[in-house]
Amino acid sequence: MTQEGKLEQQFLNYLHSERNYSVNTSTAYENDILDFRRFLNEQAISEYQQVTFLDVRIYLTELKQKSFSRTTVARKISSLRSFYTFLLRENVISENPFTYVSHAKNQLRLPKFFYSEEMEALFQVVYEDNETLTLRDRVLLEVLYGTGIRVSECAGILLSDLDTSYQAILIRGKGNKERYVPFGAYAEDAITDYLSSRTELMIRFKKEHDSLLINHYGDPLTTRGIRYCLTKIISKASLTRKIHPHMLRHTFATDLLNNGADMRTVQELLGHASLSSTQIYTHVTKEHLKSTYMKHHPRA
């Protein structure tokens, strides 16, 4: 391994052990750093210590020429600034060339969410029969929409995480932070109907584990597997616009705020470390209010 490769690995270890970043987040950092190293190799720059502010400006120009979105460019800058801050802390460099790099302010991109008619179509798919995998998909949809948890968090739910007496689930979120989220009667009924079928399937394939959600072989359902299941549900519902599974989380937050929930509660339910991450949904609800007004008021 080269010296540069060792520095990269030390940084990734730091993100995992000291910052408690998830594998997905660490991988995003790694990809951004490797892309920058590719650029440095093309510029005949062999060491991170040799990078100057001018080199960084050239790199940013290249990113813009490749038509990366503002969000992607901002993320790459943030990743590399963090990496060089780490190198500075480790006395590998004496100055961070990313310190004074600015970027165009990100355009506000409102989260997309499902409309009520679309949610009804999704639920019709998972209530069409009582086959084991349909029951599982019913749990999947009821839990994701009913709690607002991330797909990756849903994949990690164990039977021991369910507290049926309080109708709450222990969730392990980003940075291994734990929180309890409540679930409603629909999710509770879906889980109850599913558990006996889950047991039968696991006995058939001689599986023993505590994961709530399983695939057709009785193995734990992965994050990728959940996305695949949701994509199939969305396809069966014949929804025409471009949509993605994470919209269930957006829909959860938007529906809560539209129906009067306070911001702090929604923040806690979503597991957001900062209130600013939750405030994006207020823009969605304002758009909802405006569109409703424009549609229904006679003087709009």
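Glycine is no exception: its Cβ is also placed from the backbone N, Cα and C atoms.
Here is what Swiss-Prot says about this protein:
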type	residues	note
ACT_SITE	R150	active site
ACT_SITE	K174	active site
ACT_SITE	H246	active site
ACT_SITE	R249	active site
ACT_SITE	H272	active site
ACT_SITE	Y281	active site, O-(3'-phospho-DNA)-tyrosine intermediate
DOMAIN	2-88	domain 'Core-binding (CB)'
DOMAIN	109-294	domain 'Tyr recombinase'
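Note: the Cα of K174 (active site) and the Cα of R249 (active site) are spaced 15 Å from each other. Each residue contributes its Cα atom, and for H272 (active site) and R150 (active site) these two points are 11 Å apart.
Non-local neighbourhood of H246 (active site): R150, V151, each in the same chain, at least six residues away, with C-beta under 8 Å from its C-beta. You'll find the Cα of R249 (active site) roughly 11 Å from the Cα of Y281 (active site, O-(3'-phospho-DNA)-tyrosine intermediate).
Applying an 8 A CB threshold to same-chain residues 6+ apart, the list for Y281 (active site, O-(3'-phospho-DNA)-tyrosine intermediate) reads P111, H250, A253, T254, L257, V266. Counting every protein chain shown, the number of other Cβ atoms lying within 10 Å of the Cβ of H272 (active site) is 17. On the 0 to 100 pLDDT scale, the domain 'Core-binding (CB)' (2-88) averages 90 in this prediction.
Secondary structure at H272 (active site), as computed by DSSP, is coil.
Helix first, then strand, then coil: DSSP counts for the domain 'Core-binding (CB)' (2-88) stand at 70 helix, 0 strand, 17 coil. Looking only at other Cβ atoms within 10 Å, the busiest spot among the active-site residues K174, R249 turns out to be R249. Taking the Cβ of R150 (active site) as centre and 10 Å as the limit, one finds 21 other Cβ atoms among all the protein chains shown.
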